[in-house]
Amino acid sequence: MQKPDPSGPSDLITLSSSTASVSLYLFGAHITSYTVNGQERLWMSSLAVLDGTKPIRGGVPIAFPQFADEGDLKLHGFARESLWSVGSLEPTKAVLTLAPNTASKDMWDNEFELVYTVELQDSGSLLLNMRVKNTSESSAFSFTACFHTYFLFQETNTVELSGGLGGKTYIDKCDGRKKKEQGDGPIVIPAEATRSGRDAGKEGYVDRIYTNSGQSFVFARSGVELYNVTQSPSWPDTTLYNPWLGDKQGPVIGPDFDDDGYKKMICLEPTISKENAVVLNRGEVWEGSQTIEVGDF
């Protein structure tokens, strides 16, 4: 179940059931593969760095205690670059933990405990759950976070996303963080990238934080479900990302991102944005999950 990966940044854990498998590194508690019936369902950049010198591009990174650049800390915080410990390990379930260390204290001097559970369920679906506890004797802290999940597609041109984003307010990071309203129809990435780019007067992409979003989402093509995704209500927001032609292009702004990666991936991320930052007093706990069920590919 656990084995070293000579090319990777840390030990690699592999979970397996009769229909599915998951691989994750202790470095960042980073999931790099999720297969169902032999088909990979997470996008990984072919340029991803796996030597531990930088975060891994693709799969499922964890952002904590800061989501994106929404604060004074390093982009996405330290969890995705920390070496996690194994709390327990079963054939289909891994529990990893992270406590304060020198790097975390240099960036964010708070007492905490993270518990991250990755579990393959009987149906082959994947459950991700993170528990945050304030272990301080006296001090409160606030945090933001996300599971930066990269879903893999044969092509993204005709993929439709419906569910918990329809009719919601979003922050358009392509267009100067302006607040806008999403229509009620399915979201199709090329059309949305074009719309944001037109508004911003530049090549478009989709990078949106939907605040106070719903919890259930479906990716489909021609009426056929590809993924059914749910997030617990404790994640108040959802981020949608695809660089299209306006972001992550070239070696300067996308050194670890394939230039044609936009054709194969869409990020749908359960999020705590700065607008809904969580405050934990001493001894308090926050817990949030994401469940991924796969359909056709």
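Note: Cβ is positioned from N, Cα and C throughout, glycine not excepted.
Whatever TrEMBL says is automated annotation, not expert-curated.
The shown structure was predicted, so the numbers you read here are calculated from the model rather than taken from an experiment.
As recorded in TrEMBL, the features of this protein are as follows:
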| type | residues | note |
| --- | --- | --- |
| ACT_SITE | HIS148 | active site |
| ACT_SITE | GLU269 | active site |
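Its Cβ placed at the centre, HIS148 (active site) has 25 other Cβ atoms within 10 Å. Here the CA atom of HIS148 (active site) lies 5 Å from the CA atom of GLU269 (active site).
In the structure as shown, the Cβ atom of GLU269 (active site) sits within 10 Å of 24 other Cβ atoms.
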